[in-house]
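S.K.: Quick one: the structure is below, and I'll ask about it shortly.
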Amino acid sequence: MCPKNASYYGNRAATLMMLGRFREALGDAQQSVRLDDSFVRGHLREGKCHLSLGNAMAACRSFQRALELDHKNAQAQQEFKNANAVMEYEKIAEVDFEKRDFRKVVFCMDRALEFAPACHRFKILKAECLAMLGRYPEAQFVASDILRMDSTNADALYVRGLCLYYEDCIEKAVQFFVQALRMAPDHEKACLACRNAKALKAKKEDGNKAFKEGNYKLAYELYTEALGIDPNNIKTNAKLYCNRGTVNSKLKKLEDAIEDCTNAVKLDDTYVKAYLRRAQCYMDTEQFEEAVRDYEKVYQTEKTKEHKQLLKNAQLELKKSKRKDYYKILGVDKNASEDEIKKAYRKRALMHHPDRHSGASAEVQKEEEKKFKEVGEAFTILSDPKKKTRYDSGQDLDEEGMNMGDFDANNIFKAFFGGPGGFSFEASGPGNFYFQFG
């Protein structure tokens, strides 16, 4: 009815702004100042729309024009400061993104969005940084909110895919990256992420196949190549480290396996499988305290009967490791037969008998006497089925009259070799000795 009235366009712009429809409001505000360049509120509304949409530089021009028309206008003065603040936050965020200081970028974008609530660019940058920080639900929420308003927004599609990619949902991630590239074929980030996702998926699957076929060397190489594709993909890399650790354990490279599992839990400290794999490697290398610590972590996370038993077994082995190792003292394997134990005792008892070292220094005599007693103690336990069973099961040997301080190494020796009393060693050749009882 009156298409040349600047106030009408200005008023409609104000109502559209109240509805959050800033892009439509911007058109009306611009039309109002085209019709009347002296319309101060029109310039203020144009500047406010520019600022809300994230175009702080254009907003500054509008507010400057309003101040030229009314240099005492308090609203124009404040909004001009706000626009400059947003430009400053943008500059800081750009520098910090290059430095990979994503927390600071999120902080800057939160401050900027207080003045520019409709700026998709700021929201996308914030969401991307949230994804890089591992705050995937927050990043997904921001991206999804944009996609509800604009389902073809390539940046939002990219961020959705990025979150899925970093959560190790690679197939779904690729779908979002492809969709983003349909909307914007030159989207560099989506293109790179899509390429990395496909390469990572292929290498991981090839590694798994080689492992299942028993080709551990090839599996190791493939997992290593996969780890070099994208250092930012924490969850997938944690799994790759754990997989490579499993390969190393199969190759009997237990220390390397432990290192890989440690790298896995550094990336994902909730990764139960990596703790279990490392704990087993600790058990295999007799690092029982470390194994107990890992099994405790697992049991705290998942209180299952299986995990409880694993923890109990590790605690038992730790307890056993702190006692004298009678098998080691005799120099036999834990599965040694009764005959092997006897032969080992014969050899060690003769080797450490005090009479054999009567001409040595007092220090050597003392040490050999100690070893002689330990050999006798070890033989007493391992040659008695009942005591051996208790020892192997980790039970206390001091119970049921098995006080370890009661053993007499000389009596054990006499009982084993026979003879009425002492004996002497005589040389029968270089390095060879025989003994006879007195």
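Here the Cβ of each residue, glycine as well, is placed from N, Cα and C on the backbone.
Heads up, here are the entries from TrEMBL:
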- 325-395: domain 'J' (DOMAIN)
- 154-187: repeat 'TPR' (REPEAT)
- 200-233: repeat 'TPR' (REPEAT)
- 272-305: repeat 'TPR' (REPEAT)
S.K.: Who are the long-range neighbours of the repeat 'TPR' (154-187) in its own chain, taking Cβ under 8 Å and residues 6 or more past its ends?
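M.R.: Distant Cβ neighbours of the repeat 'TPR' (154-187) are 120-121, 124, 127-128, 131, 134, 136, 139-140, 142-144, 146-147, 193-194, 196-198, 200-201, 232-236, 239.
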S.K.: Cβ under 8 Å, sequence separation of at least 6 from the ends of the repeat 'TPR' (200-233): give me the contacting residues as numbers and ranges.
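M.R.: Result: 132, 165-166, 168, 170-171, 174, 239-241, 243-244, 246-248, 250-251.
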S.K.: Please give the average pLDDT for the repeat 'TPR' (272-305) in this predicted model.
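M.R.: So the average pLDDT across the repeat 'TPR' (272-305) works out to 96.
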